[in-house]
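Structure record follows, encoded as structure tokens.
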Amino acid sequence: MASPAPEEHATQGCPATEEQEPRPGVPGEEAGPEGAGPQVEEAAGRVAAALTWLLGEPVLWLGWRADELLSWKRPLRSLLAFLGANLLFWFLALTPWRVYHLISVMILGRVIMQIIKDMVLSRARGAQLWRSLSESWEVINSKPDERPRLSHCIAESWMNFSIFLQEMSLFKQQSPGKFCLLVCSVCTFFTILGSYIPGVILSYLLLLFAFLCPLFKCNDIGQKIYSKVKSILLKLDFGIGEYINQKKRERSEADKEKSHKDDSEIDFSALCPKISLTVAAKELSVSDTDVSEVSWTDNGTFNLSEGYTPQTDTSDDLDRPSEEVFSRDLSDFPSLENGAGTNDEDELSLGLPTELKTKKQQLNSAHRPSKDRQSAAGLSLPLKSDQALHLMSNLAGDVITAAMTAAIKDQLEGARQALAQAAPTPGDDTDTEEGDDFELLDQAELDQIESELGLTQDQGAEAQQSKKSSGFLSNLLGGH
């Protein structure tokens, strides 16, 4: 190659390139993208001519094959080439063999491939067939190739690199200090990067860059990915806004339905009140003698009448149960002496004079009709456990307040009379005590005579019941 006349080679090589331009790969270079400028076309032509002159026909054929593989025109072949390059790289990086071992293996593989090729296809027949086809036919690609070829990509990259070098030279002339600082920073960065990352990894990154950059550059994958991501983001944005509006509408509709349902439930409950089965059973089980007649009142409760008798305020049938209930509940209250003693002893424990008996009887007789009316009115309504207790407590409170007011008035009148008159003599006190003793003895003798005469058991029980009730009231009033 080191001949003294390089111009001849140049003149001989240039026509060869011009003659070889009708090859199948070269017209594709002329059909570049519409966006490529004339400078890129000229640079691509110069690169192809230089490669043809320097490397020759076989190397140029390999370059075309590499162009097809790296431009990913045929994705399957490009993918297989990518996998093969990765396997070869890691085999060379991890194998313990020496360099000459690898060279010998490569030569041996080449020889085997050539032998197989000669055995399968005759060289002469193949050459003759190829000549006949190339002379009589010309392969034309009917599909216009809109993707830029690898030569265009290389030419564009070379132009960008040359522009970068021109700008850097201009920057060096304008500010040499900043340029020196920038170069030192870049060198320091790569030094630190090489100390932390092995050279094998950097070489593998260069291999990936060589395969993937043409893929993204020639096929406009970046622009396609950007357009798809943008459309997805727009759909997502619109979908989120629509979803929020739909949720708001559903919430407002649910609130309207809930308010309408509450209003309908209120109207329905007002028309048809609910009745508890337990309360109805208690109301039906009030009467023990006859079947009770159930009637519906205005306030939504049951009205019971015992034995089909008319309900009047002065009915004896209603007075009798009220007295029985009152006496039964009074017998359950505890008393201090459990009914022992006499009525006189209870009256003495109160400290009230005997003259108050008639006044108490008058007050009791005055309050009895009102109590009877209350008891009759209470039985006309359904008697629950809480209502019965409330009624009994009201009756007991009325009796106690009446007795207390009478006792306080009498005590005040007695105190005024005592202040107005002189103090009583000791003889009078002894007379009153003897009179009280006589009355106590007389009452005890009467009780003994009644027990000896053998009164009926019912009368004795009634007497005992009256003693207990009077004893309870007297003890309660005495406590106050």
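Here the Cβ of each residue, glycine as well, is placed from N, Cα and C on the backbone.
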Swiss-Prot: matching membrane side for Ile154 and Met392: no
From 357-387, 450-480, the residue range that Swiss-Prot assigns the feature region 'Disordered': 450-480
Mean predicted confidence [pLDDT] for the topological domain 'Lumenal' (65-78): 75
Structural state census, the topological domain 'Lumenal' (65-78) (DSSP three-state): 10 helix, 0 strand, 4 coil
